[in-house]
Amino acid sequence: MDSQVLVALALSLVGGLSTSIGAIFVILNPTPNLKTLGLLQGFAAGLMLSISFLDLAHNAINSIGFLKGNLWFFAGVIFFAVVANFIPEPTLAPVTNGKDKKKNGDEGGKDIMKKHRRQVLFSGIVTAIGISLHNFPEGMAVFLGSMKGLRVGLNLALAIALHNIPEGVAVALPVYFATQSKWQAFKLATLSGFAEPLGVIIVAYLFPSSLSPEILEGLLGSVGGVMAFLTLHEMLPLAFDYAGQKQAIKAVFLGMAFMSASLYFLEISLPKDLSL
């Protein structure tokens with residue numbers, strides 16, 4: 001159990017700290033390339049869909065039956081739908097608008113700019129809190145996937161890592177605008193990613209040291225539901241908005257192909273004594 005926790009913790013750190021990559025996008029270039037971010041979202045969506053339907057849900061149905069497998073899957077969908085309902089969506093919308101520019105030009109008021117910067121900073125902090133709450137169940141998913149085997153944990157961590165890059169941008173962009181500090185933008189975006197390893201630590205020590213195979217397969221089926229909802233509710237719409245529908249769809253299928261290849265190469269390259 002301890003070794004599984006350490007593996008899950010390491011994988012969740014990889015996924016969570018990808019928010020730092022998003023922050024680097026911002027501090028190196030204050031106007032991030034949204035098309036690139038959209039393609040990354042589409043690619044990650046392909047990874048997620050493959051994991052959800054072709055691996056987690058498929059295995060749950062085969063292991064515990066069609067009815068139970070689907071009940072667990074849709075329980076995961078409902079759980080994350082409720083979580084998403086109470087969490088503000090991250091946005092990469094511009095942090096200034098025409099009215100603000102007109103006000104600043106007409107009045108030349110430093111106080112107005114300071115007030116605007118405070119509002120934007122507050123927006124960045126709220127987004128960071130929302131993304132932290134959002135990342136917590138993702139850490140749970142990585143832990144449960146790692147209990148199933150290294151292959152599942154690795155692929156979940158990779159898909160989540162790609163998904164977290166735009167989330168890091170969503171946090172860092174308003175903070176960088178408001179504070180003009182690269183360090184503050186990087187720090188807050190990075191901290192928002194630490195919710196994933198925190199989710200691993202908390203869930204690992206709430207779970208019993210051993211779970212029945214049926215419960216474990218059911219939980220993994222529910223993780224498939226979480227991943228499917230996350231993909232369809234957040235990742236695909238952002239990919240369409242930033243990269244365009246045609247390019248995003250290509251990225252989705254590229255992600256699915258990459259996932260199939262990764263499953264094969266992991267299977268033939270990992271030591272025989274590691275669970276797949």
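Keep in mind that glycine also has a Cβ here, set from the backbone N, Cα and C atoms.
Taken verbatim from TrEMBL:
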type	residues	note
TRANSMEM	6-28	transmembrane segment
TRANSMEM	37-57	transmembrane segment
TRANSMEM	69-87	transmembrane segment
TRANSMEM	120-136	transmembrane segment
TRANSMEM	156-176	transmembrane segment
TRANSMEM	188-207	transmembrane segment
TRANSMEM	219-236	transmembrane segment
TRANSMEM	248-266	transmembrane segment
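A contact links the transmembrane segment (6-28) to the transmembrane segment (156-176), because at least 3 Cβ pairs that are 6 or more residues apart lie under 8 A. Among the stretches 37-57, 69-87, 156-176, 188-207, the one making the largest number of Cβ pairs under 8 Å with the transmembrane segment (219-236) is 69-87.
Counted as Cβ pairs under 8 Å, contacts with the transmembrane segment (37-57) are highest for 156-176 among 69-87, 156-176, 188-207.
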